[in-house]
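**Student:** Before I ask anything, let me first share the structure, which is written out below as structure tokens.
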Amino acid sequence: NHTSHSFILLGLAESPGMQLPLFGVFLLMYVLTLMGNVGMVALVGIDQGLHTPMYLFLRHFSLVDACYSTTIVPNMLASLASGNRGISFAGCVAQLYGFLLFGITECYLLAIMAYDRCAAICRPLHYVVMLPKAVCVQLVSMAYVLGVLYSVIYTSCTFGGSFGKSNIIDHFFCDISPLLKLSGSDKFIREKVIFACVGINGISTSGVIVVSYLYILFTILKMPSVQSRSRAFNTCASHLLVVSLFYGTGFFTYLLPSPSHRRLDKVVSVFYTMVTPLLNPLIYSLRNREVKEAWMRHAKRF
């Protein structure tokens with residue numbers, strides 16, 4: 001047994017003829033992802049009308065989305081363009097750590113944003129008291145701290161053993177499951193620790209989201225105005241669509257046994273690494289009236 005000094009990522013394209021089309025599609029998706037998320041970060045920063053708890057959370061959510069996608073896509077694009085699929089051991093560790101850091105932080109930000117919407121819709125008169133600026137900063141800081149803590153645990157467990165079997169990773173980025181398959185040492189305890197942490201993170205954050213939206217649903221049903229109910233339903237439905245896509249694909253990858261995947265890991269991974277960061281600015285920003293008005297105000301200045 002020995003520790004490999006580099007890995008080879010097999011990637012998505014098994015046929016050389018598919019590399020160029022995939023490069024074009026993923027490059028377009030990545031550029032749109034950066035434009036949407038970085039634009040949202042800048043807009044909330046410069047527009048005084050968006051300096052509220054909801055948009056503070058949304059600003060950090062967009063920042064995390066941009067970083068989350070950047071840890072994976074540029075390396076994949078370079079591999080598709082050059083044909084060089086190698087990645088150093090240190091680069092693999094850094095990629096996995098960054099992916100986990102921003103992915104876990106995003107989970108907690110989604111839960112915080114669901115609670116924020118629940119407080120705004122269900123307790124509008126107490127909203128300012130429930131979420132003052134100091135509390136908002138503490139919640140965002142907690143999301144980042146938990147992201148750092150759990151990503152250290154996951155990364156340590158993944159790279160805690162030696163890699164004596166092979167250095168070929170059957171994936172398009174350094175992820176936990178394909179790396180553990182290459183581990184040549186005993187990995188039973190490390191797999192159980194990872195499984196337990198994924199369960200804790202997933203169940204706790206998704207539980208907050210589900211409970212928050214149930215409260216929102218009950219409040220919406222009590223609204224006297226049909227127009228208000230329709231608008232609230234449309235907003236919640238679009239939010240839950242993205243949340244379901246992100247959590248559904250994540251649970252499929254990390255909580256279901258590997259044999260049940262039937263080699264769908266790569267396809268599913270595309271959704272939570274590239275599709276959801278692309279959709280989030282559309283769902284959380286461009287469908288929002290206040291955000292669109294802020295875009296128009298600043299567009300007129302140019």
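Any Cβ shown, glycine's included, is placed from N, Cα and C.
Taken from TrEMBL, the feature domain 'G-protein coupled receptors family 1 profile' applies to 36-284. Sequence annotations record features per position, and here TrEMBL assigns transmembrane segment to 20-44, 56-76, 96-115, 127-153, 193-220, 232-255, 267-286.
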**Student:** Which listed stretch (20-44, 56-76, 96-115, 267-286) has the most C-beta pairs under 8 A with the transmembrane segment (193-220)?
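**Tutor:** Selected stretch: 96-115, with the most Cβ pairs under 8 Å.
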**Student:** Mean pLDDT for the domain 'G-protein coupled receptors family 1 profile' (36-284), as a whole number?
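**Tutor:** Average per-residue pLDDT within the domain 'G-protein coupled receptors family 1 profile' (36-284): 86.
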